Amino acid sequence: MPGPLPPTEVYASERVVVLVSCVLSFLGSSLLVCTHALWPELRTRPRQLLLYLSLADLLSALSYFYGVLQDFDRTSWDCVLQGALSTFSNTSSFFWTMAIALYLYITIVRGSPTGTGLLCCFHVVSWGVPLGITVAAVALKKIGYDASNVSVGWCWVNLDAEDRVLWMLLTGKVWEILAYVTLPVLYILIKKHINRAHAALSEYRPILSRAPAFQPRTSIADKKLILIPVIFIILRIWSTVRFILTLCNSPAVQNSVLVVLHGIGNTFQGGANCIMFVLCTRVVRTRLFSSICCCHYDELDWPLQRSNNYWQCPEPHKNKDVPGPERTKPLLSST
C-alpha cells in the first residue's frame, strides 16, 4: 500500500451534518425498539431480528456521534474505545442485515420451518464474530487514529499499522462488500418466488372475497423488498469508495461531498430502517399515531391487518381454496 495521505480535515459544517444524521439514526433505532417493547402484537420473528439490528445501529450511532464530536487527531484511550465500539456495532449491523435477508429467503422461498436453533445461530454469528474481531483488533493495537481518510472524524484502524489494509477488511470492508453481493441476490430470489406465487394465485383470485384488498398490500411489499438492498447499497457505497481511493492514494478521498456522503451513509442506517418499517408500515404507523395523538382508532380490523402482514403476523392468512404449496410458503404483503 502507498504511503498514507495527509489527514482529511473535517469542517464544522460537515461535522454538523453527520452529527444530525447520528441523532436521527439514534431516534429511529430507539423508535423501532420502543414499538417492539410496547406492542406485543408486533413481536414476530422478522421484527425480532429487526430489533437486534436496531440495537446494533443504536450503539453504532452513539459511537459515531462521539467520534465525530471529538474529531480525533491522535490515538488515545477514548479513541480506541470509540473505534472498538463502532467496529463491533457496525460489523454486527452488517451481519444482522444479512441474517434478516437469509431468514426471509429460508421461510418464503424454501418454506423450511425455522425455530430457536436458527435464531441461536444468528446470535452466535452476528454478535460473536464481530466481538471476536474487535477484541483481536484491540488486543493487537490495530484500533486507533486513521486521519479521517477512511472515516469522518471517528477512529477505526490505526494509520500506523503495517497491515492496516488487512484489518480494514476484517473489521468491516470485507463484510460490507459481501453484503453488496448477498443482499441483492437473496431479495431477487424472494421477489421472483413471490411473483410466481402471485401468478399461481391469480386463477383463484376471482373466488377469493378478499382479493381486492390483497393486491395493494402485496405491491407495497414487493417495492420494499427491492428498496431494502438498494437503500443499504446507497448508504454504504460511499465508505467503500473512500476506502478504494485511500488504497489508491488518491487525493479525491478528501473531497467534501464524499466525506459528507460517507458520514451520512455510515450513520443513518437506523433512521432508514425506521422510515421503512415504522413510518412506511401502515399498521405500525397507525398504532404509533394513535398513541401520540391519544386518539381511539377502531381496532376491530387489527387482527385482519396483521394476518395480511408478514412483518407483523406470526402466521399468514390461509385460504382453503389456495393449493398447498401456496399456503405453506407465506407471501410478504404490506411490510
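Glycine is no exception: its Cβ is also placed from the backbone N, Cα and C atoms.
Bear in mind that TrEMBL entries carry predicted annotations, made automatically and left uncurated.
Residues or ranges marked as domain 'G-protein coupled receptors family 2 profile 2' by TrEMBL: 14-281. As a whole-number mean, the pLDDT of the domain 'G-protein coupled receptors family 2 profile 2' (14-281) in this prediction is 86.
What TrEMBL lists as transmembrane segment is 16-37 (among others). Remote same-chain residues near the transmembrane segment (16-37) are listed as 43, 47-48, 50-51, 54-55, 57-58, 60-62, 64-65, 68-69, 152-153, 260, 263-264, 267-275, 277-278, 284, 287-288 (criterion: CB distance under 8 Å, separation of at least six residues from the stretch ends).
Residues annotated as transmembrane segment in TrEMBL: 49-67 (among others). If you look at the transmembrane segment (49-67), the same-chain residues 6 or more away from its ends with a CB under 8 A from one of its CBs are 18-19, 22-23, 25-26, 28-30, 32-33, 36, 78-79, 82-83, 85-86, 88-90, 92-93, 96-97, 99-100, 103, 122-123, 126, 151, 153-155, 266-267, 269-270, 273, 277, 311.
Long-range contacts of the transmembrane segment (87-106) within the same chain: residues 45-46, 49-50, 52-53, 56-57, 59-60, 63, 112, 114, 118, 122, 125-127, 129-131, 133-134, 137, 143, 156, 171-172, 175-176, 178-179, 182-183, 186-187, 189-190, 228-229, 232, 266, 269, 332, each at least 6 residues beyond the stretch ends and with a Cβ under 8 Å from a Cβ of the stretch. Marked as transmembrane segment by TrEMBL: 87-106 (among others).
Long-range contacts of the transmembrane segment (118-140) within the same chain: residues 45, 48-49, 52, 56, 80, 84, 87-89, 91-92, 95-96, 99, 103, 106, 157, 167, 170-171, each at least 6 residues beyond the stretch ends and with a Cβ under 8 Å from a Cβ of the stretch. The transmembrane segment annotation in TrEMBL covers 118-140 (among others).
Annotation comment: TrEMBL describes 166-190 (among others) as transmembrane segment. Among residues of the same chain six or more beyond the transmembrane segment (166-190), those with a C-beta under 8 A of the stretch's C-beta atoms are 87, 90-91, 94-95, 97-98, 101-102, 104-105, 108-109, 133-134, 137, 142-143, 150, 156-157, 225-226, 228-229, 232-233, 236-237, 239-240, 243, 332.
Same-chain residues lying 6 or more positions outside the transmembrane segment (225-245) and placing a CB less than 8 Å from one of its CB atoms are 97, 101, 149-150, 168, 173, 176-177, 179-180, 183-184, 187, 190-191, 194, 252-253, 258-259, 261-262, 264-266, 268-269, 272, 276, 332, 335. Marked as transmembrane segment by TrEMBL: 225-245 (among others).
Sequence annotations record features per position, and here TrEMBL assigns transmembrane segment to 257-280 (among others).
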